[in-house]
Amino acid sequence: MKLLLMLLFSGLMTGCRGNSSSASPPKLLLVSFDGFRADYLQNYEFPHLQNFIKEGVLVEQVKNVFITKTFPNHYSIVTGLYEESHGIVANSMYDVNTKKHFSDHNDKDPFWWNEAVPIWVTNQLQDNRSSAAAMWPGTDVPIHNSTPSYFMNYSPSVSFRERLGNVTTWLSSSNPPVTFATLYWEEPDASGHKYGPEDKENMRRVLEEIDEHIGELVHRLKVLGLWESLNVIITSDHGMTQCSKDRVINLDGCLDPSYYTLIDLTPVAAILPKINKTKVYSKLKVCDPHMNVYLKEDIPARFHYQHSDRIQPIILVADEGWTIVLNKSSLKLGDHGYDNSLPSMNPFLAAHGPAFHKGYKHSSINTVDIYPMMCHILGLKPHPNNGTFGHTKCLLVDQWCINLPEAIGIVIGALLVLTTLTCLIIIMQNRVSGPRPFSRLQLQEDDDDPLIG
């Protein structure tokens, strides 16, 4: 019985190794392939990525933050904060207090980034540690007067191989050692916008290229002797959904352009009214049934998208696959930014290294959960954040973890085993102490007349 209970307990929990003290601090490489939708893993072949997953862990779906855009979600990954908390609320922003504008071509002002502390800054505050980055959004900005010790200014023309070469060189030969590094690549986002995620031929081509990049990454780490000691996380910021010219919401047909300033367009449009806010809201409310219109104070709480001066007074959210346009707007065949509860908007996460289990699959975590997990791996004290470390414990070898579905199965199995053993014991006892052979009882009156004379 004691042995059975021990087996049951060990089955409910994943093993705990503990953080052993080591002369060299742990190292972590964070890689993002922009716009890598979670179900691409089921719909396309990824031999190199699947080998990576077999030797590590896979989170099948990561629920990202609203709005599901590139800059906001990349900052949520490295801060563990919702967009309303870290301040990067869109790819295009306007601050009403300072009158400043932000866009993907005008993103170098630390003002926009200083509302949070990204993990590369925290990492460098530790003794004998440095950080490195290959074009991760924000890493070429002096956030809180600090950039990574090694970084590349953003340029989309720089090849993946060059970015990878720089990052792996920094990880293998820097002093003080690089213990945290990031690597960003624009695909499959660019192709998803151009062709749409349902264009199987073109998407297969770009996804095969990404898989080759992952194979190149693994090979490079093995050549440099980093494969067994370096923790690697591969993830993304958002997914992608199909759009078409038949699913268009034309704002110019609903509202006079002189009534408002458009800060961000689609699929989440940010409206700054020039006239009475209620009048603008009322006109937009009846504009199109495929678009939700919210006053800032009425934005659903589940979006965590209210408490920032950079969120405009009126927000428009298109239904999945619908595009908000002006008369002169161009149309993309694929887009993102929609409701983060849509599976098409969610990415995945895969990880390998000494901190992670091997061959383990987990159904889902949140984007904001990645930050506290990374801090744990690096031994850093995290800044206040919206993530939950407990959501990622099952991925890590040094954490106790109750996996509820497995636990239920094990408990049911254990009860069946106990029931079977109990039945067997009862049957065996009955066999050992079976009925005695019949014998005639010697009665008192028989004493004078014994049976055998």
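Cβ coordinates are placed from backbone N, Cα and C, and glycine is handled just like the others.
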Zn(2+) 2 site partner of ASP189, HIS193 (as recorded in Swiss-Prot), chosen from HIS48, HIS74, HIS336: HIS336
Selected residue, Swiss-Prot feature N-linked glycosylation site, from candidates ASN145, ASN166, ASN327: ASN166
Per Swiss-Prot, the disulfide partner of CYS401, chosen from CYS394, CYS423: CYS394
Additional site residue, THR70, THR79, THR278 [criterion: listed by Swiss-Prot with ASP34, ASP237, HIS238 for Zn(2+) 1]: THR70
Confidence summary for the topological domain 'Cytoplasmic' (429-453), mean pLDDT rounded: 48
Inter-residue Cα distance where the pair is ASP34 (Zn(2+) 1 binding site) and HIS193 (Zn(2+) 2 binding site), in Å: 11
Distance from ASP189 (Zn(2+) 2 binding site) back to ASP34 (Zn(2+) 1 binding site), taken between C-alpha atoms, in Å: 5
Rounded Cα separation (Å) that holds between HIS238 (Zn(2+) 1 binding site) and CYS394 (disulfide bond): 23
DSSP state at CYS254 (disulfide bond), helix/strand/coil: coil
